Amino acid sequence: NDNDEELPNDVCTEKQLSSLPIVCLNQNSRTKKERPLRHVDEHGNVSTYSLRPMFYSVIFILMVELLERFSFYGVNYTMTSFLTGAYDDRKKHLPESERWNADMNAISASSMVSISTAVAYSTPFFGAILADCFLGDYKAMLVGSIGFYLPGLLLILASSVPHFWGQETFNRTALSIGLLGLWPIGTGIVKSIVNVFGAKQFHPLLQSSLIESYYVKFYMCINIGAFIGGIIVPLVAQSDVTLAYTFPVVMLLIAIILFLSGTPRYVRHPPCSSSSSSSSKSNSSLLTIFKISALIIPFNIAYSQMATTFIIQGTVMKRAFGWIDAASMNNADAVSVLFFGHFVGSHLYPYLNRHNIKLTTTNKFALGSTLGTLAIAWALFLEHKIHKQYALDGKKISILWQALAYVMIGAGEIFAVSAAYEVAFTAAPPEQKVLASALNLFCVGGIPNLLCLVLYNLCSSWFVPTTKKISISRLEDYVSAEVYKYFMVLLGVALLGVIINLLPAVQNFVRSVEEAATESIKTPNLKTPLARRRKDRKRIEASPLLRMQRHKAYLKYGSGPQLYKAGSMRA
């Protein structure tokens, strides 16, 4: 309507209902007590909402995210050690005939993990199409978790059980189907839907301000799940890999049960028909976003080493306190992200704003790439230290020496990755923000892992010990290989990322894109009837209709609050 009253955006109490127009209230006597708020979208679909969605329905979604991240990172952190047989190597009493693993060399194991990660970061395209065009968010979540994710975890678990398939040798085919197919596809589908489905439980106009609180909790659940899974699964795997991989299966199964138990409470929107208006302007915008997101590929190549070559290096280092091993060290990254995310979002950026200092996007990319370069440089230094200590007395150095590399990677994520997500959202055309975000995600995790796969195979001879053994998980075999040369190549790649982002031409290009996006947001569309009636720009900005339209785009792939923007790749 044309009145000047602005509707509240934080409706969460019954007292506030009396101030709302009748069109915003649910008149159905059976459901209005639990879901008193009403909304009709542009297609005429009617939805009703709870006054307290966080406790009414969103809590189920948050628990799903926490348990799913437990499952994902529990497997991701330990898979390289399992494939190379590093866990069996620790059991000195175990006869050779009782060793049960893929017995892969470092290159094959790292390649397999990189392919799996690349698939996980590429399939959000599939998840977005499945949810938006065919099944809707709820059904697509079930397809991803029950049809792909859970069967993938079950195959990984079954592969860790000796002779489960009735064969005398390890069944790599079953493991490959689970690790390279079902599991990462399920991850990608769920990853593209779960945060948006949670945000859609809030009334898009009357509860828009409450969504920021949701994203804070969502971000915390991501890191809590990753942190706990990154401790328990690697710790248990040191004594029993099968038992360790039982935890991700059980946790995901609990997540699915919780998700289903919340079914009657969810706001479920029908899928929308796919748009056929792919103009050349929109395609040009997507190409521009791809060019910008590609600027952090060198940093993400460094990031990808945490699940591969950092693990390989850590397997020949001495465990700390008797239980902190190479896989457990990944938690240093999670702690780093939480610490630096809070510091940067709550202290550094506000300080810079008070002094009128602005870090440009390319400056953030360069800073993140610099931290990634320092992380690789530290890993290279550890190579020297490992060899020097072995030549001195044949002993191992402590795994805690690796902590600094993980900390610097975590700090780099805060600047590089979060800035890329923000640009992908702000610079994308309104009708293609989901696709733009998926494209950015592909640059964050898909392309870097494919490039890592190429690097592993080009440098494979450096991972072969002079003892001619397949594995380099034993110190005497590791020092006879030339892994340090691979880290030198990585150092050059990461340094290239710093240089590219400091080039004036690149900085001017990104700045021009951001300025154009800012102007398009500031300029109202004067062709709309609402704009014609309201010439005053301030009143246009405050109108409920315009806010609702913007909020619709926000729900598709919202920028979230400051803490969420400073999130890690886990977000």
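Residue numbering: from 1, along the chain as shown.
Each Cβ is built from the backbone N, Cα and C atoms, and glycine gets one as well.
Predicted automatically and left uncurated, TrEMBL annotations should be read as such.
Features of the protein shown, as given by TrEMBL:
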| type | residues | note |
| --- | --- | --- |
| TRANSMEM | 54-75 | transmembrane segment |
| TRANSMEM | 106-130 | transmembrane segment |
| TRANSMEM | 142-165 | transmembrane segment |
| TRANSMEM | 177-197 | transmembrane segment |
| TRANSMEM | 218-237 | transmembrane segment |
| TRANSMEM | 243-267 | transmembrane segment |
| TRANSMEM | 288-312 | transmembrane segment |
| TRANSMEM | 332-352 | transmembrane segment |
| TRANSMEM | 364-381 | transmembrane segment |
| TRANSMEM | 401-427 | transmembrane segment |
| TRANSMEM | 439-463 | transmembrane segment |
| TRANSMEM | 483-503 | transmembrane segment |
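Counting same-chain residues at least six beyond the ends of the transmembrane segment (106-130), those with a Cβ under 8 angstroms from any Cβ of the stretch are 76, 79-80, 83-84, 140, 143-144, 176, 179-181, 183-185, 187-193, 274, 304, 307-309, 312, 434-435, 438, 441-442, 444-447, 449-450, 452-453, 456-457, 460, 463, 471-472, 483. Below 8 A, the CB atoms of the transmembrane segment (288-312) and the transmembrane segment (177-197) form no more than two pairs separated by six or more positions in the chain, fewer than 3 in all. Away from its own ends, the transmembrane segment (439-463) comes close to residues 105-107, 110-111, 114-115, 117-118, 120-122, 124-125, 286, 289-290, 293-294, 296-297, 300-301, 303-305, 308, 312, 417, 420-421, 423-424, 472, 481-483, 485-486, 489-490, 569 of its chain (Cβ-Cβ under 8 Å, at least six residues beyond either end).
Proximity of distant same-chain residues to the transmembrane segment (54-75), defined by a Cβ-Cβ separation under 8 Å and at least 6 residues beyond the stretch ends, is recorded for 34, 145, 149, 153, 156, 183, 187, 190, 194-195, 197-198, 201-202, 210, 213-214, 217-218, 221-226, 228-230, 232-234, 244-245, 247-249, 251-252, 254-256, 258-259, 261-262, 265-267, 330, 570. The highest tally of CB pairs under 8 A with the transmembrane segment (243-267), across 142-165, 177-197, 332-352, is held by 142-165.
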